[in-house]
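Q: Questions regarding the structure given below will be posed in turn.
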Amino acid sequence: MIDPNLLRSNLDLVAKKLARRKFILNINKFRQQESLRKILQKKTESLQTERKAKAKIIGVAKSRGENVEFLCQEAYVLGKKLTSLKLENKELKNRIKQFELSLPNIPDDQVPYGFRDQDNLEIMRWGKPGQYNFPIRDHVALGALTNGLDFSNATKLTGSRFIVMKGQIAHLHRALSQFMIDLHVKRHGYEEYYLPYLVNQDSLYGAGQLPKFYEDLFHIQHLQSGTNPYALIPTAEVPLINLVRDVILDEEELPIKMVAHTPCFRYEAGSYGHHTRGLIRMHQFDKVEMVQVVHPDKSMQILEEITSHAEQVLQLLKLPYRKILLCTGNIGFSSCKTYDLEVWLPAYNAYCEVSSCSNVGDFQARRIRARYKGRMNRKARLLHTLNASGVAIGRALAAVLENYQLEDGRVAIPSVLSPYMSDITHIN
């Protein structure tokens with residue numbers, strides 16, 4: 001959530017910065033709401049003062065033995081007016097809050113301006129795409145050859161955009177997750193978490209999923225009440241971030257580094273995007289997610305660090321990739337700056353996003369009231385939060401299958417995964 005004080009003091013600047021990400025801030029609506037809020041606040045304060053004065057008059061009159069029936073009637077009317085005014089004020093404040101919750105984060109000045117993929121800035125490439133002297137198969141074909149990817153039965157069990165994995169492919173999928181978790185815990189210093197896959201509305205609002213992405217979530221409806229108290233997590237970022245909701249940390253505790261492997265559930269039924277075949281866009285997929293909660297002065301530095309942690313996954317797997325700085329129109333709702341890591345898929349002859357690494361600044365911290373106290377200045381200040389996929393396991397699996405394929409349809413196992421694959425060298 002954007003700082004409400006910044007909205008009130010410099011609305012035109014906020015509108016200008018949000019326009020860089022193609023978001024039109026309704027300035028007139030906000031000013032009208034703010035003007036009405038101030039009027040209601042003054043009326044409320046005036047009535048409260050009048051009621052207090054009336055109470056004193058009644059007290060004095062009673063002490064003199066005077067008839068106070070008429071004065072009490074006036075006080076009663078004032079009380080009714082005040083109650084009505086407070087309710088009106090509360091409803092207005094709720095509308096203002098909903099308006100503020102609908103605003104995306106302000107892009108950092110370093111973020112390139114634009115709204116198309118061509119406007120993203122390529123920072124670097126790592127590794128060279130392999131050369132093959134045989135017809136390249138995509139991961140769907142390789143999964144069929146090795147009898148490990150079963151889209152047909154997944155459709156029978158549930159519907160489209162789900163997958164059944166079995167045998168050595170399922171083993172490889174598990175090996176990738178174990179390798180990633182071990183890397184981030186043992187080498188990068190994260191603490192591993194096991195999390196609920198269902199979260200409540202407060203958690204979704206806190207992470208910035210609501211109200212913006214309501215239709216992209218799988219909601220769990222309570223049969224008796226008809227309400228949606230829970231939703232399946234779209235990413236482990238949601239529960240991880242909310243672990244510091246309503247928490248005040250000491251500066252010495254920072255940074256907090258958390259990692260989790262969870263399934264993720266996203267409705268996203270559209271066919272938008274560059275790649276939709278196979279494991280690339282699923283309703284259910286697994287992901288290793290890293291989250292850091294940091295001192296506000298260090299978040300841009302930590303963005304480089306957390307991105308490098310995701311990059312090491314791809315480097316150790318020896319998968320060619322490129323690092324992209326997203327333009328203003330492509331960064332996520334809560335992000336102020338985002339790097340995407342795109343892994344090379346030979347069958348597509350293109351790069352495909354496998355990790356998104358974002359600095360969210362104080363956008364989530366303001367929603368969840370996550371703060372810290374400094375060593376010298378003990379006044380509570382908002383923290384900064386960052387998140388990074390470390391990485392999407394299904395897409396990493398697709399990349400391993402395609403980049404390590406052999407002419408006879410077998411797939412070589414990356415050497416770094418050997419300890420997790422019972423030392424087998426190939427998927428047959």
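Residue 1 is the first one shown; counting continues down the chain.
Every residue, even glycine, has its Cβ placed from backbone N, Cα and C.
It should be emphasised that the depicted structure is a prediction, and the values quoted were computed from it without experimental measurement.
Copying in the features that Swiss-Prot gives for the protein in this structure:
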| type | residues | note |
| --- | --- | --- |
| BINDING | Thr235, Ala236, Glu237, Glu289, Ser389 | L-serine binding site |
| BINDING | Arg266, Tyr267, Glu268, Glu353, Val354, Ser355, Ser356 | ATP binding site |
Q: Give me the non-local Cβ neighbours of Ala236 (L-serine binding site): same chain, 6+ apart in sequence, Cβ-Cβ under 8 Å, ordered along the sequence.
A: Tyr193, Leu195, Ala260, His261, Thr262, Cys264, Lys287, Glu289, Val291
Q: Take the C-alpha atoms of Arg266 (ATP binding site) and Glu237 (L-serine binding site) and report the distance between them in angstrom, rounded.
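A: Distance (Cα to Cα, whole Å): 14 Å.
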Q: Any same-chain residues 6+ apart from Tyr267 (ATP binding site) with CB under 8 Å of its CB? Would you list them in sequence order, or say none?
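A: The list for Tyr267 (ATP binding site) reads Glu215, Asp216, Leu217, Phe218, His283, given in order along the sequence.
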Q: Using C-alpha atoms, which one of the binding-site residues Thr235, Glu237, Ser389 comes nearest to Ser355 (ATP binding site)?
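A: Among Thr235, Glu237, Ser389, Ser389.
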Q: To see if you understand the setup: which same-chain residues, six or more apart in sequence, place their Cβ under 8 Å from that of Thr235 (L-serine binding site)?
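A: Thr235 (L-serine binding site) has long-range Cβ partners Thr262, Cys264, Lys287, Glu289, Asn387.
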Q: Between Ser389 (L-serine binding site) and Glu268 (ATP binding site), how far is it from one CA atom to the other, in Å?
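A: Between the Cα atoms of Ser389 (L-serine binding site) and Glu268 (ATP binding site), the distance comes to 18 Å.
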Q: Among the binding-site residues listed here, Ser355, Ser356, Ser389, whose Cβ has the fewest other Cβ atoms inside 10 Å?
A: Ser356
Q: Indicate whether Ser356 (ATP binding site) is helix, strand or coil by DSSP.
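A: For Ser356 (ATP binding site) - judged by DSSP and reduced to three states - the answer is strand.
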Q: Which of the three DSSP states, helix, strand or coil, fits Glu237 (L-serine binding site)?
A: helix
